[in-house]
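Undergrad: Annotations for this protein, taken from Swiss-Prot, read as follows:
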{"type": "BINDING", "residues": "Cys94, His136, His140", "note": "Fe cation binding site"}
{"type": "ACT_SITE", "residues": "Glu137", "note": "active site"}
Amino acid sequence: MILPINIYNDEVLRATAKPLKGIDRNIRDLVASMLESMRNASGIGLAAPQVGCSIRLLVIDLSCMEKYADEKPVVVINPHLLAVKGYNAMEEGCLSLPGILGDVVRPSSITLKYRDEHFEERTGEFSGMMARVLQHEIDHLDGKLFIDRMQKRDRRKIDKELHSLAIGNVEADYPLALAGIAQKACEA
């Protein structure tokens, strides 16, 4: 089921998400819906708060990018960053901020402890695009958006676009949720 994406100015995007204690059918259904919604919106990552669910769950699928065509989708539950290495800047966008792009400096390599789609504990080292997308999505679980990590002078350049989003003046090729509207997908 394709879920609407919550956009900038929705409280759920600024809240710290709660850890999951386990996986049940509702969570498995939510994961499937998140993957479907992300792909429908031509995204490569989606965190549960972006579909109105304040839980520590995210999905990533880089296979739409030629370089990562053989990669399988990744489900990450209750992530905890253990170590970071190196830094680089790269332009980022976000399904919750349609049409807005900005340069963000992030660690280029990370070590992450998390639970997978079977709730098995894992520790992995990630670099490049996967490290960047993981950090971007983990930020959503912590109530942060990529625009919070932009340099102030660059952030000021997009104030007009952010204001337009905040008042609901937005267009996207995928369903968007109105601020403050609870998602049925979260009723677990």
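Heads up, the Cβ atoms here are built off N, Cα and C, so glycines get one too.
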Undergrad: How big is the Cα-to-Cα gap, in Å, between the residue listed as 'active site' and Cys94 (Fe cation binding site)?
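TA: With distance taken Cα to Cα, Cys94 (Fe cation binding site) is 9 Å from the residue listed as 'active site'.
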Undergrad: Residues with Cβ closer than 8 Å to the Cβ of Cys94 (Fe cation binding site), same chain and 6+ apart in sequence?
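TA: Expected: Ile100, His136, Leu145, Phe146.
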Undergrad: Count the Cβ atoms, other than its own, that fall within 10 Å of the Cβ of Glu137 (active site), considering every protein chain shown.
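TA: A 10 Å sphere around the Cβ of Glu137 (active site) contains 24 other Cβ atoms.
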Undergrad: Around His140 (Fe cation binding site), how many other CB atoms lie within 10 A of its CB?
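TA: Summing over all protein chains shown, His140 (Fe cation binding site) has 25 other Cβ atoms within 10 Å.
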